[in-house]
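Encoded as C-alpha cells, the structure appears first; notes follow it.
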Ligand SMILES: NC(=O)C1=CN([C@@H]2O[C@H](COP(=O)(O)OP(=O)(O)OC[C@H]3O[C@@H](n4cnc5c(N)ncnc54)[C@H](O)[C@@H]3O)[C@@H](O)[C@H]2O)C=CC1
Ligand SMILES: CC(=O)C(=O)O
Ligand SMILES: [Mg+2]
C-alpha cells in the first residue's frame with residue numbers, strides 16, 4: 001500500500017497536538033528535523049505496529065469497559081491513525097467498547113467523563129451566531145459527511161442532552177472507510193428534559209427544557225441550510241432524534257439534499273437484510289410473513305416501512321395489502337383505531353377495532369390489547385422488538401409464538417444489551433432451538449439442543465449505514481433514495497452465512513463489517529448511477545475500483561513542511 005504524501009504547515013507542539021497529523025514516536029528523522037521535533041520526542045523511532053502493541057498493552061491495563069472507552073477516546077484526541085489502526089486490528093473485541101453497549105454508559109456520563117470537545121456544538125441560546133460558528137469550525141475543510149444528533153433518544157437510554165454523533169462518526173471511518181478529516185460530528189443542543197442532567201452542576205450542555213415547535217424547526221432548518229449552502233454535495237446523517245421529530249425532519253429534507261436518518265432508514269435496511277436471510281432459511285416469501293413490531297418509535301416505524309416497501313417492490317403486492325402484514329404494539333398495546341393520539345406517521349398501520357372486539361371484551365380495564373393477546377391471535381412468524389422494554393418478550397409470549405410457528409423469527413433489537421426484549425439464549429432455549437435470532441447489541445452464541453453453538457447475528461444499523469453513506473458520498477448522490485437503500489440491503493442479505501448453512505448466523509460477523517460495508521457501498525453507488533441520482537459520470541462497472549481508491553486507511557502519510565500546506 002503506497003504511503004500518502006502531505007504538505008503540512010504545522011510545526012513543533014502544533015503538529016504533535018493535532019490528532020490528524022500527529023505520529024508521536026513514529027515521526028521519521030527527516031520529519032523530526034523538518035517539523036522542529038528533534039528535542040520534543042524521545043530518540044527511538046517506532047513503527048505503527050510497535051505503537052499499536054504498546055497502546056494495546058496499555059488498554060489491557062484498564063479493568064473496566066468504560067475505562068477502556070475513556071482510554072480510546074483520549075487516544076482519538078491524540079492520534080487518529082493510531083486510534084483507527086488499533087481498532088482495526090482488534091475490531092471484534094473493541095467495537096463493543098466504542099459503540100453499543102459501552103458507548104451508552106459513556107454518553108450517560110458524558111459530562112463527568114468530558115475532557116475535550118469535538119466537532120461542532122450548535123447551542124440554541126447561541127443561535128444568532130450559528131453561521132459564524134459553523135464557518136469557523138468548518139473553515140478550510142472539504143467535508144463530505146455531517147453526523148448530527150439532538151440526543152433526544154440516544155440508543156435506548158433516552159434524552160441525554162448532548163452525545164452520540166462522534167461515536168457514530170467513528171464507525172463511518174472504522175467500518176465505512178470515510179476519511180475522518182472529511183466527517184464532522186454536530187451536536188444540536190436544544191436543551192434536555194432529563195431531570196437528573198438539569199440538576200447536575202457538572203452537566204456541560206444547555207440546562208434548559210427542550211425547545212419545541214417553530215423555534216426548534218427554525219433552529220434545525222438554519223443548520224440544514226448552512227450545510228446545503230456550504231457543502232452541497234455532503235451527506236447529512238440524523239442520529240437519535242426524538243420520535244416526534246425524526247420522521248418529520250426526514251420527510252422535510254429528503255427530496256432536496258442527501259439526508260439519511262439512521263434509526264429509521266439504517267435500522268430498516270439492516271433488519272430487511274436479516275429478515276431476507278431468515279426467510280431464506282424458512283423458504284418463504286416476505287409477503288407470507290405476519291409481523292409484530294413491538295415499540296413503534298423511530299426504529300419500529302423505520303423497520304415497518306422498509307419491510308412494507310420491500311414487499312411491494314420485491315413481491316409485487318399493493319401497499320394496502322402489505323400494510324395488513326403488520327401489527328404494531330406500543331406501550332398502550334396494539335395500535336388500533338380507537339387508541340387515542342396515534343401519531344400521524346403510524347396511521348397506515350392502524351388495525352381495525354372490529355378485528356379485536358372479542359379480545360377487548362376479555363381484556364384489562366384500560367381496554368389495551370397486550371403483546372401476548374396479539375401473539376395468540378395473530379400467530380406471527382416474525383416478532384421484532386424496538387421498545388426499550390427489557391424482558392418484554394416473556395417466556396409465555398415466546399412459547400405462545402413457537403406453539404404456532406415452526407421457525408419463529410425473533411429479533412429483540414433494543415440497545416444497549418441490558419434493554420434487550422429477550423436474552424437470545426432464553427429465546428433459543430424456550431423454542432428448543434427453533435428460533436431464528438438476531439439482536440441489536442452483541443451477545444454470546446446460544447447452545448442448540450445438539451450442543452452446537454448458534455451464533456446470534458448482530459442486527460445493528462452499523463453493519464449497513466457506513467456502506468449506505470459511503471456509497472451515496474462517492475457517487476455524489478443528490479439525494480438518498482429508497483431504491484439505493486434497498487440495493488444496499490439486498491447486497492448485505494446476499495452475504496448472509498445462513499444462505500449456505502441454515503444453522504449459521506443470519507448476518508455476517510461484525511469482525512467483517514468493513515468488507516461487508518464496502519460491498520453495500522458498491523451496490524448503493526451502482527444503483528445511484530443506474531437510476532440517475534449520482535453526480536459522477538462513472539460507468540457502473542467502474543464503481544468498485546473507484547470506491548477502493550476513495551477508502552481511507554489508517555496508515556501514516558509522508559510529510560513535507562510547507563508554509564502553504566495543510567493545517
Ligand atoms: N439494532 C439497531 O440497529 C437499532 C436499535 N435501536 C433500539 O431500538 C430502541 C428504540 O429506539 P428508537 O426507536 O430510536 O426509540 P423511540 O423512543 O423512538 O421508540 C421507542 C418506542 O417504544 C415504545 N415503548 C416504550 N416502552 C414500551 C413498552 N413497555 N412496550 C411497548 N412499547 C414501548 C415507545 O412508546 C416508543 O414508541 C432503542 O433501544 C434503540 O437502541 C434503535 C435503532 C437501531
Ligand atoms: C444502533 C442505534 O442507532 C441505536 O440503538 O439507536
Ligand atoms: Mg441510533
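Using the three backbone atoms N, Cα and C, a Cβ is placed for every residue, glycine included.
Unlike curated entries, TrEMBL annotations are predicted automatically.
What TrEMBL lists as active site, proton donor is 99. The active site, proton acceptor annotation in TrEMBL covers 168. What TrEMBL lists as divalent metal cation binding site is 239, 240, 263. According to TrEMBL, the (S)-malate binding site annotation covers 415, 460. Here TrEMBL flags 76-254 as domain 'Malic enzyme N-terminal'. What TrEMBL records for 264-529 is domain 'Malic enzyme NAD-binding'.
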Residue 460 ((S)-malate binding site) to residue 239 (divalent metal cation binding site) - Cα separation in whole Å: 13
Distance-selected recorded positions near ligand 3 (C-beta under 6 Å), from 99, 168, 415, 460: none
Other residues, Cβ within 8 Å of 239, 240, 263 Cβ centroid (divalent metal cation site): 149, 153, 154, 164, 168, 238, 241, 246, 261, 262, 298
Chain-internal residues near residue 168 (active site, proton acceptor), provided their CB is under 8 angstroms and they sit 6+ positions away: 147, 149, 185, 237, 239, 262, 465
Recorded positions whose CB lies under 6 angstroms from ligand 1, from 99, 168, 239, 263: 263
Proximal but sequence-remote residues of the same chain as residue 263 (divalent metal cation binding site) (Cβ under 8 Å, at least 6 apart): 153, 238, 239, 240, 241, 246, 298, 299, 302, 461
For residue 240 (divalent metal cation binding site), the three-state class that DSSP assigns: coil
Candidate with sparsest Cβ neighbourhood (10 Å radius) among 415, 460, the listed binding-site residues: 415
